[in-house]
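Asker: Here it is, the structure, as structure tokens.
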Amino acid sequence: MSDSHLTAFDKASKAGFIIALGIVYGDIGTSPLYTMQSLVENQGGVNQVSESFILGSISLIIWTLTLITTIKYVLIALKADNHHEGGIFSLFTLVRKMSPWLIVPAMIGGATLLSDGALTPAVTVTSAIEGLKAVPGLSHIYQNQTNVIITTLVILIVLFGIQRFGTGFIGKIFGPVMFIWFSFLGVSGFFNMLGHLEIFKAINPYYALHLLFSPENHRGIFILGSIFLATTGAEALYSDLGHVGRGNIYVSWPFVKMCIVLSYCGQAAWILANKHSGIELNPFFASVPSQLRVYLVSLATLAAIIASQALISGSFTLVSEAMRLKIFPLFRVTYPGANLGQLYIPVINWILFAVTSCTVLAFRTSAHMEAAYGLAITITMLMTTILLKYYLIKKGTRPILAHLVMAFFALVEFIFFLASAIKFMHGGYAVVILALAIVFVMFIWHAGTRIVFKYVKSLNLNDYKEQIKQLRDDVCFDLYQTNVVYLSNRMQDHMIDRSILYSILDKRPKRAQVYWFVNVQVTDEPYTAKYKVDMMGTDYMVRVNLYLGFRMPQTVPRYLRTIVQDLMESGRLPKQEQEYTITPGRDVGDFRFVLIEERVSNARQLSNFERFIMQTKASIKHVTASPMRWFGLQYSEVTLEVVPLILSDILKLPIKELVPVEDSEA
């Protein structure tokens, strides 16, 4: 990796600063919309809070942002980049060779991040629209919560509906809008604080610890469930590392943290000034002059949409990485934008829309959604902590120090998890069920792949070179295709799946000029595109190992065209001149791709558990993208052959021949 690349990644710029605001901080930047509201409502309303409660709450928020977001994610996790990419799956690829069981926290963390994130659009957009209740002239309309729900659903329908067309055209305004948003948070919070400068005392962690054990705190330790709402977007700082670079996050985070802390302090000051007024509005909107509220609601809605868009795009990236790591079913992926980073997965898009819409309809108010929000993300953070410990050890940190540092963060996050566990009975169960469903699918997919690797028998290609050469030269068989390509998941040295050789020689002898055996391997580097060729001492058998990064599309025909051209130019592969063609000088023949689908056979080597895994995986495959689409073969000639899962040492089933008995009287 060149020094120039490292410098660009670690360097900050004005443009990068603005871009980071629009991509990275949508979730954590919209938390002021609902965090203080949740704290006040759970305490019994504005008239039930005291100065010590407010100071303690603000202190808890400040130190939660400092410990989890600043120290863990900004100062530690951002250094764990995988060739400039971040996120839990990127972190997993860095440490997966250290222990096979690390796939478990990676799957759990990915599933909980995906499931809890499905609530973000519902919470943020609903909170923003509820701000219309504080707008003179519109309050009488939006006091009816049904109108809030309808408006929220319309926004969500439009937001999810435009994903298929790409969002690059609106992405350009994300940064400037979020800059205005954060500036407003900071300025309004600062002016609200001027009359209550005692809020600055909240910097002292004493107030945070005192509140946890104070009788004034009606919820005890469970207050941390609401406090955690302030930092739910911390994981995004790490996940979006590759989009904006480490340097831009280092520079932009202090600005963002200052603005959101000022917003929380400003809301706290307004609460102290109005705790006897009986006002029951969201402190975020109520703390702003009434004549500015309509503009604030508009700005808050834009910020909520940007936060939701960041979540949706992040979900697509997360699922795409899981598919390439072979721990998630293959779904159709399209690229509506101008670059590979703008991808779209239709199935995931509409599942997210369904979950988000059902959340709005089921919970109705943002307050009820907040009661369920944040539970699963605490698990994601715990899983990231586990993987980070292994990363620190891998990078040379003394094991005892790595254990101590990560044990501290694990303890803090586990306390937040316990505090959020009460949310399970208030709607958190929906998020947990969704997370468990995703983990189940991941487990089935991963376990099914391991079972196939365990039982499928491989043969040495060298033992069949002569047979394949004889078939190639045997004019008794019609030419099946000039080039026949087999895609194999399992190809090591000269060993290859027996089903492939069975297809060439036994099922129907396939005569061709060149036989291609292609294996696609996903590398730890996100944007690798390399290949290795072994001609096996022939000019008619080609073994190709494609090494593609876990963020690269696996469009095999495009890569194969380049490889064929390279081999012909180097003289390793004879030119395949065409007698009939509309392309003058064409020297590459036609290609046919043969895909082999393995299905569960009735052989008795499979245990009941293994059979359940394989049958469940087969059922899931019915709703996933076909290998033809996944490998970019839609416009190629493709043959699909179905074979039973070939097992080693197949057991013979006993059977006897019935012999006719001669008539005794004959």
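Every residue, even glycine, has its Cβ placed from backbone N, Cα and C.
This is the feature table in Swiss-Prot:
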- 16-36: transmembrane segment (TRANSMEM)
- 58-78: transmembrane segment (TRANSMEM)
- 100-120: transmembrane segment (TRANSMEM)
- 149-169: transmembrane segment (TRANSMEM)
- 173-193: transmembrane segment (TRANSMEM)
- 221-241: transmembrane segment (TRANSMEM)
- 253-273: transmembrane segment (TRANSMEM)
- 294-314: transmembrane segment (TRANSMEM)
- 343-363: transmembrane segment (TRANSMEM)
- 373-393: transmembrane segment (TRANSMEM)
- 399-419: transmembrane segment (TRANSMEM)
- 424-444: transmembrane segment (TRANSMEM)
Asker: May I ask which of the stretches 221-241, 253-273, 294-314, 343-363 has the most CB pairs under 8 A with the transmembrane segment (173-193)?
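Answerer: Out of the listed stretches, 253-273 contacts the transmembrane segment (173-193) most.
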Asker: For the transmembrane segment (399-419), give me same-chain residues lying six or more residues beyond its boundaries with a C-beta closer than 8 angstroms to one of its C-beta atoms, as numbers and ranges.
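Answerer: The answer is 67-68, 72, 76, 221-225, 227-228, 375, 378-379, 381-382, 385-386, 388-389, 392-393.
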Asker: Mind pulling out the one from 58-78, 221-241, 343-363 with the most Cβ pairs under 8 angstroms to the transmembrane segment (253-273)?
Answerer: 58-78
Asker: Against which stretches of its own chain does the transmembrane segment (100-120) lie, if we need a Cβ under 8 Å and a gap of at least six residues from its ends?
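Answerer: That would be 27, 88-89, 91-92, 232, 235, 239, 307-308, 311, 314-315, 318-319, 322, 327, 352, 355-356, 359, 369, 372-377, 379-380, 382-384, 386-387, 390, 431-432, 434-436, 438-439, 442-443, 446.
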Asker: Mind pulling out the one from 16-36, 221-241, 294-314, 424-444 with the most Cβ pairs under 8 angstroms to the transmembrane segment (373-393)?
Answerer: 221-241
Asker: Same-chain Cβ contacts of the transmembrane segment (294-314) under 8 Å, 6 or more residues past its ends?
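Answerer: Distant Cβ neighbours of the transmembrane segment (294-314) are 22-24, 26-27, 29-30, 33, 117, 120-121, 124-125, 127-129, 131-132, 134-135, 137-138, 155-156, 159-160, 163, 167, 170-171, 174, 177-178, 180-181, 184, 233, 236, 239-240, 284-285, 288, 342, 349, 352.
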Asker: Answer yes if the transmembrane segment (16-36) and the transmembrane segment (424-444) have at least three CB pairs under 8 Å among residue pairs 6 or more apart in sequence, and no otherwise.
Answerer: no
Asker: Among the recorded stretches 58-78, 221-241, 343-363, which has the greatest number of Cβ pairs closer than 8 Å to the transmembrane segment (424-444)?
Answerer: 343-363
Asker: Cβ under 8 Å, sequence separation of at least 6 from the ends of the transmembrane segment (221-241): give me the contacting residues as numbers and ranges.
Answerer: 23-29, 31-32, 34-35, 38-39, 42, 57, 60-61, 64-65, 68-69, 72-74, 77-78, 80-81, 84-88, 91, 113, 116, 120, 211-212, 249, 253, 260, 264, 307, 310, 314, 317-318, 370, 373-374, 377-378, 380-381, 384, 415-416, 418-420, 422-423
